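Remarks on the structure that follows.
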Amino acid sequence: MGSIGSQRLKEPCVAATSDQSVVTSFSFDNFQLETTAEGAQDPGIRVRGVPTFTDSAVEEPVPDDRYHAIYFAMLLAGVGFLLPYNSFITDVDYLHHKYPGTSIVFDMSLTYILVALAAVLLNNVVVERLNLHTRITTGYLLALGPLLFISICDVWLQLFSHDQAYAINLAAVGTVAFGCTVQQSSFYGYTGLLPKRYTQGVMTGESTAGVMISLSRILTKLLLPDERASTIIFFLVSAGLELLCFLLHLLVRRSRFVLYYTTRPRDSRPVQAGYRVHHDVASGDIHFEHQTPALSSSRSPKESPAHEVTHSNSGVYMRFDVPRPRVKRSWPTFRALLLHRYVVARVIWADMLSIAVTYFITLCLFPGLESEIRHCVLGEWLPILVMAVFNLSDFVGKILAALPVEWRGTHLLACSCLRVVFIPLFILCVYPSGMPALRHPAWPCVFSLLMGISNGYFGSVPMILAAGKVSPKQRELAGNTMTVSYMSGLTLGSAVAYCTYSLTRDAHGSCFQTATAAAANDSIPVGP
C-alpha cells in the first residue's frame, strides 16, 4: 500500500492487504503521490480499487503579456500619478499672470513635496495592513477631485477672491500630493511583484506624463489665444487622461497575468496539487482523488478536514488527507515593522541613496528655478519650452533605463552625485538678476536636456534593480522603501530650491527696466 499510495506513509495502524483488511488511519508527509502505473508492466495489475493515473500540470503555466497590454497599462499608471501635479505647475504662464510677483510655483512645489513625504511615510506604515488596490483607488480619487474642482470653480467660474484662490490652489496641490503619492508608492510595490520591465514601464510613464502635459499646454496656448479658455481646456484634458488611467487600472488588476504574479508571493508556500485517499470500509476499495491547486485553495477548513467519515450509496468512506496550516492574520508590531524595513534597507542601501541624490539635485532646479528663467524676446514661452525639453529628455532617459546594463549600487551612487554640476550652471542662467551670465536661451535648453536624460536614467535604474535584490515576499516593501528615499530627495531638493527664489526675485521686471533705460537714452538730446 505504501509503495503504491504516497511517497512516504507514517504511523500506520493497520495496513490494507489482499485479504480485505481495513485501513483505519494513516497520515502523509507529502501531498503529491507517485504515479502508480510506473512500476506496472500490465495495465491490469493494480491494487483493488486503486486506479492508475498520471499527474497533470501541477503548477499553473506563466501567462503571457499579449500585445504588451500590461506594459502599456503600467506605463499609463506612471502617467496617472504624476499627471495632476504636472498639470498644476506646467501652466506657469497662467500662474504668473494671475499671481504676479509671487512665489506661486515654489509654494506649489514645496507644498506638494511636504505632503507627499508624509503620505509616503504613512503608506509605508500601512503597506501590510491595507489592501494594495484599495490604496491605489483612493489615490486616483484624491487626484481627480482637485483637478475638476480647480478647473470648474476657480479657472472657469472664478468663485474665489485673489487670496482665497491662492490658498485653494495650494490646498488642491496638497490633496493631489497625498493621493498621487499613496498611489505612486503603492504602484512601485505593485510592480515590484511583476517582472523588472514593468517597473521601468511605470517610471517611463512618469516622464510620459510630463511630455503629454507640456505638449497639451503648448497646443492649448497656440490654438486658443484666450489664456483663461486655454487653461480650462488644459485642465479638463488632464482630468480626462487621469480618468482613463484609473479605468485601465481597474481592468488590468483582474487580468490573469497580474493575478499570477501578485497572489503567489503572499502565500506562505506554493499551492500545489494534492491527493485525497478514500477507503470504502464496506468493500475495502481504495481510490485516490486528485486535487488541483484552485480546488485546494478554494476549500474552507470545514470542507477539508484531516479525517472525515462520509456515507454514500456504495458504503462508508473514510477520507484521509493532510490538514493545511491555519494562518491567523494579525497586524505586526511597531518593532516588527522597523525590523522588516531594516532588513530590506541593508540590501538596497546604495540604491536608496542613489535615487535620493538624483532627485535632490533635480528638485533644486526643476520646476522652481527653471520656471523663473526669463528672456525679453521669448517672454513666458521660455520657461514653458525649457520645462518641455526637460520632460521630453527625462522620457528618453527612462527608456534608456531599459537597456540590460548591470550596475553596482556604489557606481550608481557616484554617477548620481556627479549631477551636482547642473546646480551652478543653472544659477548662471538667472544670476545676476536682470543680467545673467548665460543670457542666451539656448543655454538653459541645453542644460535642461542633459539634466533630463540623466534624471530619467539614474532615477529609474536604482528603482528597477532594487526589487530584484530581495526575496519575492519583500518586493512590495522594497518598492515602498525606495519611494521613501525618492521622496526624501524630493523634499530636501524643494527646500533648497525655495531658498533660491531670491536669485530670481527681480527677473520679472528686468526686461521692463531695460526697455525703460533704452527709451530714456533715446530721449536725451544730442548736442551738435
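Glycine residues also receive a Cβ, built from the backbone N, Cα and C atoms like all the rest.
Per Swiss-Prot, the features are:
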type     : residues : note
TOPO_DOM : 1-68     : topological domain 'Extracellular'
TRANSMEM : 69-89    : transmembrane segment
TOPO_DOM : 90-101   : topological domain 'Cytoplasmic'
TRANSMEM : 102-122  : transmembrane segment
TOPO_DOM : 123-139  : topological domain 'Extracellular'
TRANSMEM : 140-160  : transmembrane segment
TOPO_DOM : 161-166  : topological domain 'Cytoplasmic'
TRANSMEM : 167-187  : transmembrane segment
TOPO_DOM : 188-231  : topological domain 'Extracellular'
SITE     : GLU206   : site 'Essential for cation selectivity'
TRANSMEM : 232-252  : transmembrane segment
TOPO_DOM : 253-346  : topological domain 'Cytoplasmic'
TRANSMEM : 347-367  : transmembrane segment
TOPO_DOM : 368-376  : topological domain 'Extracellular'
TRANSMEM : 377-397  : transmembrane segment
TOPO_DOM : 398-411  : topological domain 'Cytoplasmic'
TRANSMEM : 412-432  : transmembrane segment
TOPO_DOM : 433-445  : topological domain 'Extracellular'
TRANSMEM : 446-466  : transmembrane segment
TOPO_DOM : 467-481  : topological domain 'Cytoplasmic'
TRANSMEM : 482-504  : transmembrane segment
TOPO_DOM : 505-528  : topological domain 'Extracellular'
CARBOHYD : ASN521   : N-linked glycosylation site
Report task. Using a Cβ cut-off of under 8 Å, list the residues of the same chain at least 6 residues beyond the topological domain 'Cytoplasmic' (161-166) that approach it. Result -> 98-99, 102, 104, 154
Requested in this report: Could you tell me whether the transmembrane segment (482-504) and the transmembrane segment (412-432) have 3+ CB pairs under 8 A, leaving out pairs under 6 positions apart?
Outcome: yes
**Report entry** Integer average pLDDT (0 to 100) for the topological domain 'Cytoplasmic' (398-411)
**Finding:** 88
Query raised in the report: By Cβ distance under 8 Å, which residues at least 6 away from the ends of the topological domain 'Extracellular' (123-139) in the same chain are close to it?
Result: 81, 179-187, 189-190, 246, 249, 253, 262, 331-332, 337, 341, 476-477, 480-481, 483-484
Report task. Work out, from DSSP, the number of helix, strand and coil residues along the topological domain 'Extracellular' (433-445). Result -> 4 helix, 0 strand, 9 coil
Query raised in the report: Could you give the number of helix, strand and coil residues in the topological domain 'Cytoplasmic' (90-101) as assigned by DSSP?
Result: 8 helix, 0 strand, 4 coil
Query - Cβ contacts the transmembrane segment (482-504)/the transmembrane segment (69-89), at least three under 8 Å, sequence gap 6 or more - result: no
Report task. Six or more residues out from either end of the topological domain 'Cytoplasmic' (90-101), which same-chain residues have a Cβ under 8 Å from its Cβ atoms? Result -> 155, 162, 165-166, 210, 213-214, 217, 221, 227-228, 231, 234-235, 367, 371, 380, 383-384, 387, 508
